[in-house]
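Beneath this line is the structure, given in structure tokens, with notes to follow.
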Amino acid sequence: MAPSTPSTPSGAKDRAASGSPAPTVAPPGSYTLEDVVPGVKIFVLKPLPNGQDEHRRAEILSTRAKPPPSAFAPKPPPGAPAPDPRDDTEYYVHYVEFNKRLDEWVGGSRLITDKEMEWPKAKDEGKKKDKAGKATPGQSTPTKKGSPMPSGSLLRKAATKAAAQALKGTPSGKDIPMGPPSSLKRKAKAEPGQDDEDAEGEEDDVDGDVTMSVADSEADAEGEIDLTAPSNPQAAPPVFSKKQEIEKLRTSGSMTQSHSEISRVKNLNKLQIGQSEVETWYFSPYPAEYAHLPMLYICEFCLLYYPTLTQLKRHRTKCTLLHPPGNEIYRHDNISFFEIDGRRQRTWCRNLCLISKCFLDHKTLYYDVDPFMYYCMTFKDEYGCHLIGYFSKEKESPEGYNVACILTLPQHQRKGYGRLLIEFSYELSKREGKLGSPEKPLSDLGLLGYRAYWQEKIVELLLDSEDEISLDEIAQKTAITHGDIMHTCQALQMIKYYKGQHIIHLTDAVLEQHNKTLGKTRRSINPGALRWKPPVFSRAQLAFGF
């Protein structure tokens, strides 16, 4: 279901007609659930893991009629209380000052109406007109039909048109469009160095556990998309042609062409992967018939998904796969890495991307997996090799990136596996004889994980070196690019100017942090256990399309 359009409460309409300014806060008892529309901020009852409840301030992002129970959903037990009529309408809420991954659908019974509610702020139309009327020096405003427009305007109009069509196509307000987008990749582009607006609740990931996606496509300058239909629908840009799409994929690596895909709300609640039950964080384009299930069951070896546990058990009696379908290129202790070609194992890689999308906000790579190699980390026991995490890598990267997307599954995070994935990616770069860097800009958690790894390797090399060492020597020994080394040193305030030249100075705080890191017991990559040669691809193997 597309996000609903905010409506004006009756009281607000009367005040607008009389010319009196509308209040920004509604006092307790002055509103009902009918007045709760997208954009308002209201207190919501949030159950905590300890069994207690907490009143959290949240913003309503969307509303919908409660969907009918799925045919695969378990039936309520006998004697269960009758459903609350207030839950016939569900609200998608974002908890203020909490991470976006905690957004969820709640019933009307969880909204607290005996506390104040904040109305959405009215947009300053005059300010927008002035902003739109200002012309940038050196640029002309296109006035003729068919004249070129800036890329940002094209993307904004495309997203606006897609959102408007979604609103028109769902008159009942009960169905959620769940189909996979026409072309997909990893993340919609953000400005370099820009932090996630919902990152206030994140903790520093000192173990380097990474949940990172990469940004590639243009973003709107103001970060807003109006969900109203364009005044001139014929002026909206056409869908990308095959030639334009392939050129876009090869030049920028971006598979995100539709911003409406990114703005969708979460459609799954939980996944069962092996023995772990994992709460999803974001929308993932699984088929529509699997939406609103209390649990989606996934085979941890072939990654196929089923709506019921019975179907999964039947599948497991026939599934013979006990490890990722690729070449095992590394094994040390119980940790293994498998190299998988997205062109040869399309179904498995697409299923992997569907799972990843549940935990990466803007990752939208789903269909076009051919240009990538996937390196999956597993741990082995008597039942097989269980997936821990993975990173993808372009077969041919003109920018020299050694990582496209990287993810540690949530049930394995905070255990140091993210750092192991990063270290393995640099070990591959050393075998290639190249300097490597992750695709940028990084997400907030990705930046924390990489910065911790860069700091550890740089400080370790400086302490072990008795003679002077140059920036180029650090890069050659660690396979970290010069730019990433400079970024790390500047972030840690290690660059000093001394006797007419810049030097790297290890501060007491850096040394203290390094000693604390050394005191932890953690895994590391054993280079001698790596059995791998850089793959060589022909021109035909690098060609891809739809």
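Note: Cβ is positioned from N, Cα and C throughout, glycine not excepted.
Features reported for this protein in TrEMBL:
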- Glu439: active site, proton donor/acceptor (ACT_SITE)
- 66-83: compositional bias 'Pro residues' (COMPBIAS)
- 112-128: compositional bias 'Basic and acidic residues' (COMPBIAS)
- 154-168: compositional bias 'Low complexity' (COMPBIAS)
- 1-31: region 'Disordered' (REGION)
- 45-88: region 'Disordered' (REGION)
- 106-238: region 'Disordered' (REGION)
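Sequence-distant neighbours of the compositional bias 'Pro residues' (66-83) (same chain, 6+ residues past either end, Cβ-Cβ under 8 Å): 89-90, 107, 174, 176, 289, 291-294, 307-308.
Each residue in the region 'Disordered' (45-88) gets a DSSP state, and the totals come to 4 helix, 16 strand, 24 coil. Residue density at Glu439 (active site, proton donor/acceptor): 25 other Cβ atoms are found within 10 A of its Cβ, drawing on all protein chains shown.
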